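What follows is a short report on a single structure.
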């Protein structure tokens, strides 16, 4: 084990000098013995000097401190010992429940599976959320992105997906908290505990208060644990909240490493970093990883380089819209912006496909008519258009749904709606079978039966 010494500290970036013939490799983990800090090598500068990122606070470091090379990348424990535990980026327990028992540790830097090992699946995962199941269904082993600006409900929608899928799902789940609020991580832990599914979940946190090195690598640590379960022939659910903070941590580190920024100040290696993470989140012939990723959209601009780079890696995109949230419709999913590769007659069936498209057609026509209504009022519309507006407003309200995870705030019990009920209900609304009901009856209900019951009380 070769030793070197710190020669420069700039925030989270630390330069370490080793003997020239013992220079550490890129991605090797180094230990600052006195401070108990782990560094990860990012660049070899020359003459035995390496530039590293600190996986923790660099407070108290000084020049001349001794650094040991572990001759291996950062490794985290994988397997059953991680279930029910909260770990940090290094795979160390942070839940004060004793050491983690493990038989294997894996490097957080792995090559993605080879092309001939990949497996495709068209089996649809039922989420119980009407708008998701109808407009952007997702497959087992697929990748789903939840896009939205600040405060439109990404985390709540993700928690509901976890609630509906992970609790019904017999396999294991991995949750990676990347640069999000510690409070949310805490709430999530206790929620899993209360619903008795904690023994099926591994939690890896690198939250907002952590240095950029932790936030940059914590997604990889979580993914390594998920890959471990996948290689045991299991179906794994992988939740990442939030992928944007992974990009942001890369941006913070990139400037300190001396790279020239590219568009909007992002790191020039944005696409490569995103690809390195996303290409590993995939299903093989041994097992599947189904991932749900929250993606923060800066200033509600979907063309920002970070969300735009993420788009290309996903099978389904659920776009949350501020305009819909302002109408009080939650989940605030935009049915015209959200897409899924699974919305194909060969996958979901002709009936489902046609109804989803009919719903989008009605909503699109309503969107076009809004300008006319704003200028001339409803009276100037033809009878046919009036009918479309009426149905569109009912559809819009019926796409809202009370969530189980929001029950404590709203007082409305959460609803799980089966895919069969969802498709049948929207078919009836589009065909005009419920034209006689007031639109308010469709707001915040589960099935169409509840809307009929609600109409009686209005």
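Glycine is no exception: its Cβ is also placed from the backbone N, Cα and C atoms.
According to Swiss-Prot, the protein has these features:
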- 148, 149, 150, 151, 152, 153, 154, 155: ATP binding site (BINDING)
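All features noted in Swiss-Prot, drawn onto the structure.
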residue : record           : contacts (Cβ under 8 Å, 6+ apart)
148     : ATP binding site : 154, 294, 295, 296, 297, 319, 320, 321, 332
149     : ATP binding site : 296, 297, 298, 299, 300, 320, 322
150     : ATP binding site : 296
151     : ATP binding site : 325
152     : ATP binding site : 320, 321, 322, 325, 332
153     : ATP binding site : 320, 325, 330, 331, 332
155     : ATP binding site : 180, 184, 241, 294
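Secondary structure at residue 154 (ATP binding site), taken from DSSP and collapsed to helix, strand or coil, is helix. Over all protein chains present, the Cβ of residue 154 (ATP binding site) has 27 other Cβ atoms lying within 10 Å. Excluding 148, 149, 150, 151, 152, 153, 154, 155, which define the ATP site, the same chain contributes 296, 320, 325, 332 within 8 Å (Cβ to the Cβ centroid), listed in sequence order.
Under DSSP, residue 149 (ATP binding site) is assigned to coil, being neither helix nor strand in the three-state scheme.
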